[in-house]
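Under the heading Ca(2+) binding site, TrEMBL lists ASP426, VAL427, GLY450, ASP452. Per TrEMBL, domain 'Peptidase S53' is recorded for 127-472.
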Amino acid sequence: PPPGWVSIGRVGPTESLSLTFALRQQNLQQLQKLVQDVSDPGSPRYGKYLSLEDVAALVRPSTLTLSTVQKWLLAAGVQDCQTVITEDFLTCQMTVQQAEQLLPGAEFHRYVGRLGGGRVVRSPRPYSLPGALAAHVDFVGGLHRFPRASSLQQRPGPKLDLEESLSLHMGVTPAVIRERYNLTAQDVGSGSPNNSQACAQFLEQYFHDADLEEFMKLFGKSFPHKNSVSRVVGQQGHGRAGLEASLDVQYLMSAGANISTWVYSSPGDSGAGCFSGPKGHLFRPSFPASSPYVTTVGGTSFRNPFMVTEEIVDYISGGGFSNIFPRPQYQDEAVSHFLGSSTHLPPSSYYNASGRAYPDVAALSDGYWVVSNHVPIPWVSGTSASTPVFGGLLSLVNEQRLLNGRPPLGFLNPRLYSMQGRGLFDVTQGCHEACLDEEVQGQGFCSKPGWDPVTGWGTPNYPALLKALLDP
Ligand SMILES: *[C@@H]1O[C@H](CO)[C@@H](O)[C@H](O)[C@H]1NC(C)=O
Ligand SMILES: *[C@@H]1O[C@H](CO)[C@@H](O)[C@H](O)[C@H]1NC(C)=O
Ligand SMILES: *[C@@H]1O[C@H](CO)[C@@H](O)[C@H](O)[C@H]1NC(C)=O
Ligand SMILES: *[C@@H]1O[C@H](CO)[C@@H](O)[C@H](O)[C@H]1NC(C)=O
């Protein structure tokens, strides 16, 4: 198990368990081409999105696949399954005994997160499937991958030099974000019926309505906003509020201010973490940040933590290269240029230069104020703070696009890379902290002019970003 998770023993054979079977989809090459076309401003299909039903018609597993998997599950007595519209993911409830019979090798243990990360049931051993299913099942979910522990931390506040000028702020608040990224009080949602934004909370880490209200009372005076989320999908529990869930909702709703916001809640995401293996040190890329279909946001801090200044790399910013996904074509030029022109790269055995490189953009990740369990908490830091801020700004861009009769942005990366940094403040100073050993001397990748795997293309300058993304 990853650091922070401890086994408290095997789970009893009659206890119930939920596993997800990923069934082999069809027409993936066609789907890939469609994704490329609807995301490419140069294509006549740009913004002409498929409905979920159209996607289902394209990728739905074959009837042979559906019936083979169903027969196999029924033979083991597994009947309580739920599917999705695309029918490619089947989630089934079963006993531990049934699961261990279906998947020879698997052995289910209960793990607890040491840092209040909840409880999960996982198998420390590999599992197998009958050969007859090889052509029909891609993988089974719920055995190996552990949920990401929150990367947020409260750092000690920097020392304040009282001799400095009076134009100081005491940490990052919505007003500071809006000032830095050039948002005026008019840059808010105007009520477009088809615009909405969403974030997700995991591991019994909930946000509280009362915290959001308190946060907006304290920090929302200078811009129109909503005081509550429009809809919670899934279960919103009654436990203590989680810091990460609180931050996501509070900053999504103050960057993407006055836009209808949904929260997806699921009672059960880190940069190029360091991984010490038998072959020495390697950067361990993270999922979903390393997916080529996700816009990944790196972290920055102010050069002077008490002033709205230019941004530099926050040393905790994640970034690197995927070992799974090859480099997508949209970033080919940017990544080749970075690798070809950098003078201080980490040793090449530490990363896979052929993989998808990330992040794509960045935003502040240091020194946030968050209200959690009725208490305003200062100096909260972590790259997970950057994401809701960048996401909220894209919701504001979508609002303007919808008002102008344009489709929403959809998958941003092909367009983002073709803009070559237009609409963004380039971050050019600082390195992220990586595997600490003599060889790399505590340094991971470093930012430089243009794209880099620390801050991507940079942080948003809203009016310029809007201009670059409004048409077509
Ligand atoms: C945005 O902010 C930057 C830095 O604070 C400033 O130089 C610039 O003039 C502002 N406005 C626009 C439209 O870029
Ligand atoms: C905020 O959104 C509401 C609709 O949800 C809309 O009626 C109102 O005009 C918006 N406020 C501003 C300042 O645009
Ligand atoms: C909202 O979306 C629906 C479905 O695509 C469309 O029929 C409707 O015209 C849209 N409304 C506005 C105001 O754009
Ligand atoms: C490097 O990345 C590629 C995908 O781009 C992958 O196929 C390959 O297995 C990776 N190599 C290692 C050593 O992980």
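Don't overthink the numbers, they just go from 1 along the chain as shown.
For all residues, glycine too, the Cβ spot is worked out from N, Cα and C.
Around the Cβ of ASP426 (Ca(2+) binding site), 19 further Cβ atoms fall within 10 Å across all displayed protein chains. Each of the binding-site residues VAL427, GLY450 was ranked by the number of other C-beta atoms within 10 Å, and first place falls to VAL427.
Within the same chain, residues at least 6 positions away in sequence whose Cβ sits under 8 Å from that of ASP452 (Ca(2+) binding site) are GLY319, PHE338, SER342, PHE445, CYS446. Taking the mean position of the Cβ atoms of ASP426, VAL427, GLY450, ASP452 as the Ca(2+) site, the remaining same-chain residues with a Cβ inside 8 Å of that point are GLY421, THR428, SER447, LYS448, PRO449, TRP451, THR455, GLY456, TRP457, GLY458.
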